[in-house]
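Just below is one structure, and these are the notes that go with it.
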Amino acid sequence: MASIGSQVRKAASSIDPIVTDYAVGYFNHLSGITFDAVQSKQVDLSTEVQFVSDLLIDAGASKAKVKELSESILKQLTTQLKENEAKLELTGDTSKRLLDINVLKSHNSKSDINVSLSMLGVNGDIEHTGRKMETRVDLKKLAKAEQKIAKKVAKRNNKFVKYEASKLINDQKEEDYDSFFLQINPLEFGSSAGKSKDIHIDTFDLYVGDGQRILSNAQLTLSFGHRYGLVGQNGIGKSTLLRALSRRELNVPKHVSILHVEQELRGDDTKALQSVLDADVWRKQLLSEEAKINERLKEMDVLRQEFEEDSLEVKKLDNEREDLDNHLIQISDKLVDMESDKAEARAASILYGLGFSTEAQQQPTNSFSGGWRMRLSLARALFCQPDLLLLDEPSNMLDVPSIAYLAEYLKTYPNTVLTVSHDRAFLNEVATDIIYQHNERLDYYRGQDFDTFYTTKEERRKNAQREYDNQMVYRKHLQEFIDKYRYNAAKSQEAQSRIKKLEKLPVLEPPEQDKTIDFKFPECDKLSPPIIQLQDVSFGYDENNLLLKDVNLDVQMDSRIALVGANGCGKTTLLKIMMEQLRPLKGFVSRNPRLRIGYFTQHHVDSMDLTTSAVDWMSKSFPGKTDEEYRRHLGSFGITGTLGLQKMQLLSGGQKSRVAFAALCLNNPHILVLDEPSNHLDTTGLDALVEALKNFNGGVLMVSHDISVIDSVCKEIWVSEQGTVKRFEGTIYDYRDYILQSADAAGVVKKH
C-alpha cells in the first residue's frame, strides 16, 4: 500500500503545499497513536480523519478525491489499530492509569501535568486535551496555513464575502476608538501620496446573516472625488454593503483610509470639541510624540548642567539631542502637511454647523443624548476627512439647518463619499452619481442626481419592457407558423428557417417591476372652527427658563403646516401641548370638543409589543373590530397578505412605521400630527405617504427634516427658534437658503 504522504499529495495535488504537509503530518500522527494503548482509546479515528478531510476541501481539493482518500486512510488506520492492540502488553490496570490521567488534568499547573503524564508513560499534551490527543502542530504555521487557505478560497469563489457579524465588528466593542481606527487604517498619514485612490472591486458576492445573498457577481467602482448616493428599497442590503467596505471585508486598497458613521460616540468626560480633535488619530499621535520629545529635551538641558563640557556623558546627550531634533523636524513637517494649526478652528466650525453652540462644544460628551452623540460621530468623521467617507441615512439624525450645512460641506468634500439616503433633496444637493442596488446587483447612473436617476431608471424600465413585449409577440408569431407548417411538405423549409430564427433569439428576462405601496388615510367628517388654536402659549420648567414663549398658532381642517427648526428648540414639545399631553405655564389651547387627532411619534416603535402580530397588537390597543377588519385596514398601508399576522419584530423599520400609520387612523382623525414621519420609509414608502397626505381631507401638522416631503405636502412653514414659533414667508427651499446665508455670514460654511 502507498504511504500516507503519497496518498495525500496525489489526492490534493492542486492545493497549497503547506496544507498538504500539515495533513500528512496529522495523518502520520494518528498512525503513531495506534501504537499507544492509552491514547488510542481516547481518539475517535473517524472524527479526526473527517477533520483533516474538511481542511483539504476548504483549501480547494476535489471533494470526490478527498472522500476516496479519507475512506482509504480510515480503513488503513483501523486495521493497523486492531493489529497493534493484539501485540500490546500493558503493565498494571489500564483503567486506573486513565483515571490518574484525568485527575492530573484537573490540576492547575500545566507544566506539572505534562511532566506527570510523561512519568506515567503517556505522551500527552495538556494544551490540547480538548481533542484528547497529542498534537505536535506548530500553531504559528497552522495560523499561516489557515490564512493562505482563506485567501485561496476567496480567490476561487470570485472574492466571495460572507458577512455575518464579522470578528472585526465584535473586536470594536472591546477595544478603543484609536485601536480600531489603526486596525482599519493601518497606513500612516501621507503614505498614500501619489497613489490612485480609485476603488474597483471586481466580481464579488455578498451575504448577510443566515446566508441570504444580497449581491451576486457584483462590481463596485468608486472614482476618487465623486459623491455617490446608494439607493434601493429597505432590506435590500445597502447598510450591509457599507459595513463590509468599512471593515475591509471587501478588497479596498490599504492606502485608502475609511471611516463609517454608524454608531453613536461613547460618552465620557472629554469635551465635545476635544473629542472631535482626538478623532484624527495620526494627528493625536504626532502631537503626543512631539510633547514627549520636548519633555525629554527639557530633561536633557537639566542633565547637561551636571556634567563637564567635554565629558562622555555630554557627548552622549548631544548625540541623543541631534537624533531627537531630527525626529522633531519630521514630526513638525507632517503636522504642517495636515494643517494641524488650523484643526481646532475647523473642528469648531463643523460642530457649529451641526448644531453645537460654542458653549455646547465645551460640554463633556456624556452630557449629550444619543441623537447628539450621533452628531458628534458625524462631526469626527467629517473632521478626519477620510479618503472614503461612508454615511448611512445621515439626515435621520439631523434637523433642517444641520442637513443644509452637511449638504454644503459635502459638496466641497475633496475625497470620495458613499451615502445611503432616502432624502431626495439631500441626494439632489450632494450626489454626483447614483448607485442603484436591486435584484442582487449594482447599477450605475453616472453624473446624475436623484431626480435624474429616477427619470432615467423609469425610461430604462419602459424600454426594457417594450423590448421584452415586442420579442414575446415575435416569438409567438414564429411559433404559430412553426406549429402550423412544420409537417407541411410545401412549407417545411420555411418552418425550419423560422425554427433557426427562434433558436437564435436572445433570451430576455421580464423587466423587474418596482414594488408599489398605497397609503390611504380615511375620510373624516367636517368640523367647524376653531379646530386647534394656541393663544399666547408659554412653556418651560419655570417662568425663568421658558422653552416656548407667546406662541400663537391656528390649525384648520385644510391646514398643511410644517414645523421646522433646530433639534431641541421645542418642536416636539409644541406637538405634545397641542395633544394635551403637556400643559402650558400660561396661555390658552382651544380644541373643538369633537376633534379626533392621529398622532405619529418618531419613537412609535417603543409603544408597540413587537412579540405579537400587527393584528393582535391593534386588537388589544384599539379594540372594537374583527381581525378581518384590522387586516383590511392594514392593507390600506401596504401591510398585506400574511405580514399582518407575523410577529412585528420580524418586520422592517418601514413596515413597522406603516403599522403605526394604520393604527393612528383607526379613529378616523380630523387632524394628523406627525413627528418625523419619513424616518424608516424608503423612496416607495415616502411617495405613498406624500400622495396619501395630499389626498387627505383633514388637516396636517408635521415636524420633519425631509425637505422633499415638506415641499410636496405643506403650504405653510413655521419656524421654532430662540423660544418663538413664527410663520416663515416663503417655501422650505427659501428657508434652507436663509439658513445657509446666516451660516455663511457667521463664517461657518466657508471655514470648513
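Every residue gets a Cβ built from N, Cα and C, even glycine.
Database features (Swiss-Prot):
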BINDING   Gly232, Gln233, Asn234, Gly235, Ile236, Gly237, Lys238, Ser239  ATP 1 binding site
BINDING   Gly565, Ala566, Asn567, Gly568, Cys569, Gly570, Lys571, Thr572  ATP 2 binding site
DOMAIN    199-464  domain 'ABC transporter 1'
DOMAIN    532-748  domain 'ABC transporter 2'
MOD_RES   Ala2  N-acetylalanine
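Structure with Swiss-Prot features highlighted.
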| residue | record | Cβ neighbours (10 Å) |
| --- | --- | --- |
| Gly232 | ATP 1 binding site | 21 |
| Gln233 | ATP 1 binding site | 18 |
| Gly235 | ATP 1 binding site | 15 |
| Gly237 | ATP 1 binding site | 22 |
| Lys238 | ATP 1 binding site | 22 |
| Gly565 | ATP 2 binding site | 23 |
| Ala566 | ATP 2 binding site | 19 |
| Gly568 | ATP 2 binding site | 16 |
| Lys571 | ATP 2 binding site | 23 |
| Thr572 | ATP 2 binding site | 19 |
Shortest C-alpha distance to Lys571 (ATP 2 binding site) - which of the binding-site residues Asn234, Gly235, Ile236: Asn234
Cβ-centroid neighbours of ATP 2 site Gly565, Ala566, Asn567, Gly568, Cys569, Gly570, Lys571, Thr572, 8 Å, sequence order: Asp399, Thr573, Ser720
Other CB atoms within 10 A, centred on Gly570 (ATP 2 binding site): 25
Neighbours of Gly232, Gln233, Asn234, Gly235, Ile236, Gly237, Lys238, Ser239 excl. site residues, C-beta within 8 Å of centre, ATP 1: Ile214, Gln437, Asp682
Pairwise Cα distance for Gly237 (ATP 1 binding site)/Thr572 (ATP 2 binding site) [Å, integer]: 32
Integer Å distance between the CA atoms belonging to Gly565 (ATP 2 binding site) and Lys238 (ATP 1 binding site): 30
Rounded to the nearest Å - Cα separation of Gln233 (ATP 1 binding site) and Asn567 (ATP 2 binding site): 28
Tertiary neighbours of Cys569 (ATP 2 binding site) (same chain, Cβ under 8 Å, six or more apart): Leu547, Ser720, Glu721, Gln722
Asn567 (ATP 2 binding site) CB neighbourhood, other CB atoms within 10 A: 18
Cα separation, Asn234 (ATP 1 binding site) to Thr572 (ATP 2 binding site) (Å, whole number): 27
Cβ neighbours of Asn234 (ATP 1 binding site) where a neighbour is any other Cβ within 10 Å: 18
Three-state secondary structure, Gly570 (ATP 2 binding site) (per DSSP): coil
Rounded Cα-Cα span from Asn567 (ATP 2 binding site) to Asn234 (ATP 1 binding site), Å: 26
Rounded inter-Cα distance in Å - Ser239 (ATP 1 binding site), Gly565 (ATP 2 binding site): 28
Three-state secondary structure, Ser239 (ATP 1 binding site) (per DSSP): helix
Chain-internal residues, separated by at least six, CB under 8 A from Ile236 (ATP 1 binding site): Ile214, Gln437, His438
